[in-house]
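Input: a single structure, listed below in structure tokens.
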Amino acid sequence: MSGKKTTLGLRPCTWVYLFLMTFTFVTFLVGQMGLSGLTVSLLILLLALIKGELVGYYFMGLGRVKGLWHWPVFIWLFIPGILIGTAFYLAS
Amino acid sequence: MTASTQAIPAGTDPRRPPGDLAIWIFILAELGVFAVFFAAYAFTRMNHVELFNQYQQHLDRRAALINTLALITSSYFVVRAVAAIREDNPRHCVNWLLAAVSMGLVFVVVKLGEYHHHFVVEGVNLSTNTFYMFYISLTFFHFMHVIMGMVILSAVAVMAKKGKYSAREHTGVETGASYWHMVDLVWLILFPLVYVMR
Amino acid sequence: MTYKSQSVAKLYFIAAIALFVAQILFGLIMGLQYVMGDFLFPAIPFNVARMVHTNALIVWLLMAFMGAAYYLVPEEAETELFAPWLATLMFWIFLLAAGATVAGYLLLSYSDLADLTMNEMLPTMGREFLEQPTITKLGIVVVALAFLFNIGMTILKGRKTVVNLVLLLGLTGLAVFFLFSFYNPTNVVLDKFYWWWVVHLWVEGVWELILGAILAFVLIKVTGVDREVIEKWLYIIIAMTLITGIIGTGHHYYWIGTPEYWQWWGSIFSAMEPIPFFMMTVFAFNMVNKRRREHPNKAATLWALGTAVMAFLGAGVWGFLHTLSPVNYYTHGTQITAAHGHMAFYGAYVMISLTIISYAMPLLRGRNAANPAKSQTLEMWSFWLMTISIVFITLFLTGAGILQVYLQRVAENPQPFMAVQDQIGLFYWLREIAGLIFLVGLVLYIASFFVGQDEPEPAVAD
């Protein structure tokens with residue numbers, strides 16, 4: 001959902017969009033600079049999970065849903081996120 | 001824009017996600033498969049760290065960046081399409097949907113370029129090594145879903161153009177939109193996991 | 001029954017049950033041969049008994065599916081069957097071909113049967129479950145085409161419901177994939193690769209569509225729940241079946257000489273194959289809970305719910321136990337496989353066949369809705385006897401399998417095949433006893449068709 005216009009006359013979803021684009025660039029730059037290591041990887045992963053939750057909450061409209069259906073995307077990000085993080089931790 | 005942009009159409013259950021419940025069963029199933037694949041990738045990497053780090057450098061990160069930006073943009077366009085139909089504006093809805101499909105097309109073209117480089121120029125295939133097996137499997141399955149999503153959005157656009165949707169009844173638009181967001185969601189994890197994290 | 005032509009289903013159902021009995025008798029023979037190797041040798045050697053057991057199973061299930069289609073399609077399409085005479089003719093052709101084939105297995109050496117039936121012209125014999133002579137296979141194709149034509153024309157001239165269309169899709173898929181039994185590559189890897197295009201894409205593919213459609217039909221009838229609700233569930237279930245099962249074929253491609261990526265693709269997709277079965281269980285119980293009527297055929301409702309649960313356990317859970325490639329590496333081709341195979345086939349396809357027969361036979365025999373209480377009680381006894389004995393058969397074979405895997409493959413000093421078979425003999429004896437109880441259940445099942453014939457049926461409460 002987009003909702004009423006807020007700051008600077010932009011809808012909330014537009015703000016989310018700008019955030020997503022910006023932090024995609026950040027992820028890309030991290031890759032280009034060849035940054036590696038557990039901390040960097042986990043931060044990138046966390047960023048990806050946050051981006052995913054924003055898509056679920058705002059773009060998919062799950063933020064406005066009450067009850068069980070509010071959660072699946074969050075759980076999908078949380079559990080695999082933990083698993084991936086663990087695997088990278090164990091690999092380092 | 002009036003306050004009605006926020007109004008949920010009459011008869012919608014606030015406990016239900018937008019669109020047909022059936023598509024959400026699919027969405028969960030698809031997310032499930034990809035989650036298992038992602039976890040398999042991460043855990044397999046544990047035993048092949050050098051291999052994964054080495055061949056990750058062979059991937060085209062710029063292409064992946066363009067693709068990520070394209071998918072996020074197309075998702076945003078889909079959000080605007082749903083907002084448009086909620087404001088009873090099928091014409092704008094169609095335009096936003098077509099814009100979203102074009103961004104999907106950008107993804108497809110870039111992806112095909114990537115594949116041409118790997119399959120044709122480099123001569124890589126599923127059996128080359130474990131990293132490439134995962135890279136090809138993950139991106140190819142996702143690619144198939146992008147195509148499917150584009151087909152769905154196009155179908156919805158055609159129906160919208162024919163006037164089948166309105167502010168009161170636009171479940172089809174929300175259904176297609178939800179599927180497309182899922183495609184975007186999967187890529188948002190795939191991109192950092194396969195192309196960046198090392 | 002609403003349409004006269006539905007009566008052709010009766011022939012198919014009767015033949016199905018008769019062949020079911022033959023299947024079980026030969027199963028018991030083999031069960032004994034596991035522990036008394038010379039039993040009935042050389043008259044009926046193990047490999048011959050096995051061919052009869054497996055082929056009888058497949059033929060009787062096909063008979064049941066055809067009967068189910070001939071019964072439910074006219075009712076769903078709201079029109080008489082296109083050509084009842086064709087259905088009757090095909091029945092006799094199919095039955096005679098099956099009978100001749102089994103006679104061939106029993107009376108001739110397999111090589112003599114191959115020579116007699118001119119297998120060398122188009123060799124298709126010699127593969128598991130597809131041992132039939134080429135001419136029998138051609139006969140099956142003819143019967144299948146006539147059947148599809150008949151059902152297709154009926155649907156074409158009548159109402160096209162979701163149940164009808166899903167059933168037709170499943171049956172067409174069954175016929176199409178059977179054609180791969182004619183493709184017999186010389187390369188052993190390819191031979192096995194394509195063999196699964198018949199077997200896997202049948203039982204973990206198009207047969208699930210048939211199962212779903214029949215289950216949906218019976219639930220619509222006995223619960224009275226809105227058709228749209230049931231149809232929507234059916235769509236989701238078959239979509240999950242195809243999404244997981246098609247690439248899930250890869251779980252048969254781990255060790256036959258195909259590339260390594262199949263271990264990943266097969267494991268990941270087939271791990272999700274239990275999902276449609278889980279959904280079927282939730283679906284069936286949900287529909288019965290939300291029922292709008294108390295249908296007098298309690299036995300059919302019991303079979304329907306039982307099918308969902310046992311299919312989930314046998315196909316879903318037991319399948320999952322050995323579907324991941326690291327596990328399958330050790331369990332491949334052991335009694336674990338047999339344990340899964342028996343409960344899966346019984347839970348899914350035997351039970352759905354018995355479900356539709358339970359629902360339709362009373363109507364085909366002139367009842368209003370159901371058999372009298374006496375018959376239904378006996379039938380429900382048979383349900384519990386057969387189902388519980390299959391569970392025990394499965395548990396015993398699972399025990400045998402675990403011990404076999406350990407002794408033959410995992411232990412520090414692995415032992416040869418026959419040495420291990422000697423040590424798991426107790427499980428085989430227990431399995432045989434459970435099998436005998438299964439036969440008792442089957443006998444009671446047949447008896448339930450004959451008792452209480454003069455009694456009135458239970459009152460219909462609406």
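Quick reminder: no glycine exception, Cβ is built from N, Cα and C everywhere.
Per TrEMBL, domain 'Cytochrome oxidase subunit I profile' is recorded for C:1-462.
Marked as transmembrane segment by TrEMBL: C:12-36 (among others).
Residues annotated as transmembrane segment in TrEMBL: C:56-73 (among others).
Annotated transmembrane segment per TrEMBL: C:85-108 (among others), in sequence order.
What TrEMBL lists as transmembrane segment is C:135-156 (among others).
If you look up TrEMBL, you'll see C:163-183 (among others) marked as transmembrane segment.
For C:195-220 (among others), the entry in TrEMBL reads transmembrane segment. Below 8 angstroms of C-beta separation, residues 65, 68, 72, 76, 127-130, 162-164, 166-167, 169-174, 177-178, 180-181, 227, 230-231, 233-234, 237-238, 241-242, 245-246, 248-249, 252-253, 273, 276, 280, 283-284, 287-288, 300, 304, 307-308, 311, 315, 344-345, 348-349, 352, 355-356, 359 of the same chain, each at least six residues beyond the ends of the transmembrane segment (C:195-220), sit close to that stretch.
Residues 162-163, 166, 189, 192-193, 196-197, 200-201, 204-205, 208-209, 212-213, 216, 262-263, 265-267, 269-270, 272-273, 275-276, 279-280, 283, 287, 323, 325, 328-329, 332 of the same chain sit 6 or more residues outside the transmembrane segment (C:232-256) yet have a Cβ under 8 Å from a Cβ within it. The feature transmembrane segment is assigned by TrEMBL to C:232-256 (among others).
Summarising the annotation, TrEMBL assigns transmembrane segment to C:262-288 (among others). Counting only same-chain residues 6+ beyond the ends of the transmembrane segment (C:262-288), those with a CB under 8 A from a CB of the stretch are 204, 208, 211-212, 215, 219, 222-223, 225, 229-230, 233, 236-238, 240-241, 243-254, 301, 304-305, 307-309, 311-312, 315-317, 319-320, 323-325, 348.
What TrEMBL records for C:300-321 (among others) is transmembrane segment.
Per TrEMBL, the feature transmembrane segment maps to C:341-362 (among others). With a threshold of 8 Å between CB atoms, the same-chain residues lying at least 6 positions outside the transmembrane segment (C:341-362) that come near it are 1, 6, 9-10, 13, 16-17, 20, 57, 60-61, 64-65, 67-68, 71-72, 203, 207-208, 210-211, 214-215, 217-218, 221-222, 277, 297, 299-300, 303-304, 306-307, 309-315, 318-319, 369-371, 379, 383, 386-387, 390-391, 393-394, 397, 445, 449, 457.
The feature transmembrane segment is assigned by TrEMBL to C:383-406 (among others).
Per TrEMBL, the feature transmembrane segment maps to C:426-447 (among others). Within its own chain, the transmembrane segment (C:426-447) has Cβ neighbours under 8 Å at 17, 20-21, 24-25, 27-28, 31-32, 34-35, 335, 354, 378-379, 381-386, 389-390, 392-393, 396-397, 399-400, 403, counting only residues six or more beyond its boundaries.
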Contact between the transmembrane segment (C:300-321) and the transmembrane segment (C:163-183) (at least 3 Cβ pairs under 8 Å, separation 6+): no
For the domain 'Cytochrome oxidase subunit I profile' (C:1-462), mean pLDDT (0 to 100): 96
